[in-house]
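According to TrEMBL, the protein carries these features:
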TRANSMEM  B:45-70  transmembrane segment
TRANSMEM  B:82-104  transmembrane segment
TRANSMEM  B:139-167  transmembrane segment
TRANSMEM  B:205-229  transmembrane segment
DOMAIN    B:206-433  domain 'ABC transmembrane type-1'
TRANSMEM  B:241-261  transmembrane segment
TRANSMEM  B:298-318  transmembrane segment
TRANSMEM  B:348-368  transmembrane segment
TRANSMEM  B:414-434  transmembrane segment
Amino acid sequence: MKTAKKYKTQKNQRFWTKFWTYLFLLFISAVILYPLLITVTSAFKAGNLMAFRLELNANWTLDSFKRLFTDTMYGQWYLNTLVVAITSMLVQVAAITLAGYAYSRYRFAGRKQTLKFFLLVQMVPTTAALTAFYVMALLIGGLDQHWFLILVYIGGGIPMNTWLMKGYFDTVPLDLDESARLDGAGHFRIFWQIILPLVRPMIAVQALWAFMNPFGEYMLARFLLRSQKNYTVAIGLQTFISNPKNQQVTLFAAGAILIAVPICILFFYLQKSFVTGLTAGGTKG
Amino acid sequence: MATTTNKQKKVTFSKEQQAHMQKATWLSLIPGLGQFYNKQIFKGVIFLIIFALFVFQMLFSGVHALNGLITLGSTPREDHSLFIMIQGAMQLLLILIYAIFHLVNMVDARKVAKQSILSPDTVSHTPTQLLKNVWNNGFAYLLTVPAYILMIFTIVFPVLVTIFIAFTNYDFYHIPPATLIDWTGFETFKSIFTLSTYRDTFGAVFGWTIIWTLSATTLQIVVGIFCAIMMHQPFVKFKRIFGVILLLPWAVPAFITILSFSNIFNDSAGAINTQVIPLLNHLPLVDIPMISWKTDPFWTKIAIISIQGWLGFPYIYVLTSGILQSIPDDWYEASVIDGANALQKFRYITLPQIFAVAAPVFVTQYTFNFNNFSMIYLFNGGGPGSVGSGAGATDILISWIYKLTTGTSPQYNIASAITLIISAIVIFVSLLVFKQTKAFEMED
């Protein structure tokens, strides 16, 4: 009698746990999907909306995408962003891979001190040094120039990412280097042929981060790039809806989709390796 | 150059040998001479040339640049104070780099002198030997050089210039080259803390920055952990679909979602006021009026904090999920035998485990939000309203800096001073935590 009752309450309890769990998951999914769906559907709507809202019975059209490339400088902005993203990705990944390898594999004078220096400067919010960048740009003619923005993007990420890279190199066993050295491999060959292939996942992650950054960074780009034709997509798209009297919501939404879709694909494609990269590099310190 | 000698057995040197080492060290006060004394002619010549170049540079432009750094120019329109300041800053960096070289040179002379006593054969004398030696011992330095050059240009140098500007009167009254800039000592900091206009604004903005950082980040962390625990329950089906949905806010670039939300929260036409609230009002006993999301500071703050929770929780969720999977099941089984309930299991097993691993990441989340410019600026431009000196009701320190720098009457010196204050706070808090979590302890 007693056990049957206990069994029943247990079953009851289990039902309610399941009920609340699914209710919560459905609720949070709705909260996540609702604003995203609003943006996505707005891109395919005709006319010029004042504001987004979710309506499923509208006139569907690809007109906004067409106008994006004929009436605005969106194509140019996209190209600019790609140039900035790819250049800063290549240079930053190269620099942090080399430095991370050196810090992981060599014991040189000043190593510990400089590692601590990296950890320290990593905390400095460099984007806040707006005035300094402005003055420097004035002096060397970097205002409204992509190369200056690229340089600032690259440098800002170096300390933190070198640190993570070093952490990942540390997970590759040292025996590999030693046996290669015994076989007569030089410094360069050990690095290039033995160790580098093993840290490819982390390099991919770092490349993704460096690549994604210019697509979303607003503050420095807005501050340093002055003429419309040099804008990156982030500041370009903002101009569509920054004027409250002339909100071009559908154009914004269309432009947003063309950025978000490729980035989401890259993100989910590399998701597994960057989660492991995050924990491996982070916890080893 | 600097050879890494492993910890050698303590060797006692005779008086003469010690004198030999001393002599090499002191001679290299002029770089190269110590190396000549050690019979490393090739190295000595290179060091001497570097030394000569430095002296030459100092005499012909360095002294001038340092002098400029003190005066910041004397004739308006002719002297550009900013450029003079930058040249001075560069000169300081150059001197610092040279000082490091000088030190390395002296240490090197001493090391080689010692080496020539202990094992004379290993000392390299010819250029080929030297180059081979440099390749072997300097390879690590070679690898780090690109990172350092980039960092000097984009971090060290801007920080130096920011520090300088904070101590000048560089604002819209003093724009070079029309007018000169002057050193003003601690005037800028004084006016931030004592001048009533700045003091009140700083107090208001700083207070909100702290509230914003704490509440938004804590919300992110709580929601992230909660989602991870929900998803970790073994009976949950469709894990893949839910997993992808939960990651979406992280995958979509933040500026897109913030701008979309900015529109969705529009007072008159936005989807929240025209769609969500009417929908909720269909529920029994619910009657919510239209909310002024963009014009009432209180509701703007609520909106911004909620949106940041939306944007930031997936990162915590992913991290926590990984940690939950690594907690062994028998810990929970053992606790059940001891009579623990669900809450106790969470309180004494799950939570401590999460914090043990993820605490440093949580701190980086707090410092990130402390400087989360995009969220504040793109949602409502820091508005509504004004708390004085150009700052709006939801401006945090970093967006106030942006406004001070880009506004119609820029206050570069105030902006730089606030930048320094921000950096000091962030570094202080991070150091405190990193010390706790032993990130500073290295493996050897």
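Cβ atoms are placed via backbone N, Cα and C, with glycine included.
The listed stretches are B:82-104, B:139-167, B:241-261, B:348-368; of these, B:348-368 has the most Cβ pairs under 8 Å to the transmembrane segment (B:205-229). Long-range Cβ contacts of the transmembrane segment (B:241-261) within its own chain (Cβ-Cβ under 8 Å, at least 6 residues beyond either end) map to 227, 231, 303, 307, 310-315, 317-318, 374-375, 378-379. Long-range neighbours of the transmembrane segment (B:298-318) within the same chain, counting only residues 6 or more positions beyond its ends whose Cβ lies under 8 Å from a Cβ of the stretch, are 208, 212, 215-217, 219-221, 223-225, 227-228, 231, 246-250, 254, 257-258, 261, 265, 291-292, 358, 361-362, 365, 369, 372, 375-376, 379-380, 383-384, 393-394.
With a cut-off of 8 Å between Cβ atoms, the residues of this chain six or more beyond the transmembrane segment (B:348-368) that come close are 213-214, 217, 220-221, 225, 229, 312, 315-316, 319-320, 323-324, 326-327, 331-332, 335, 340, 426, 429-430, 433-434, 436-437, 439.
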